[in-house]
């Protein structure tokens, strides 16, 4: 075994103690900052503490002056959007009532609507 391999000197021991003390101070500072952040605030509102000369500032609720209004659907707040949605709904309803006109692309392209080969509506004869 080499001499001094497992033996700690006094100087080395004091460096370790200094490191641990520094780490403990940092942790204590961190915990104190966290406790200050999450501590309860005083029950007195901030606007009561301030003494303002003259008139007080109005709030955003006061500036809007909406009073008691019922809650509305977000889509219906804007009139243009409301009419756009009404038109889209009317177009869908109209498609169910009237078939859209199909414009031919060439002289004759066969039947655009007619026999569907995927559907079978035949009746079998019984022997």
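Cβ atoms are placed via backbone N, Cα and C, with glycine included.
Annotated in TrEMBL:
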{"type": "REGION", "residues": "48-99", "note": "region 'Disordered'"}
{"type": "DOMAIN", "residues": "53-125", "note": "domain 'Sas10 C-terminal'"}
{"type": "COMPBIAS", "residues": "57-66", "note": "compositional bias 'Polar residues'"}
{"type": "COMPBIAS", "residues": "67-95", "note": "compositional bias 'Basic residues'"}
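Across the domain 'Sas10 C-terminal' (53-125), DSSP classifies residues as 27 helix, 0 strand, 46 coil. When averaged over the domain 'Sas10 C-terminal' (53-125), pLDDT in the model lands at 85.
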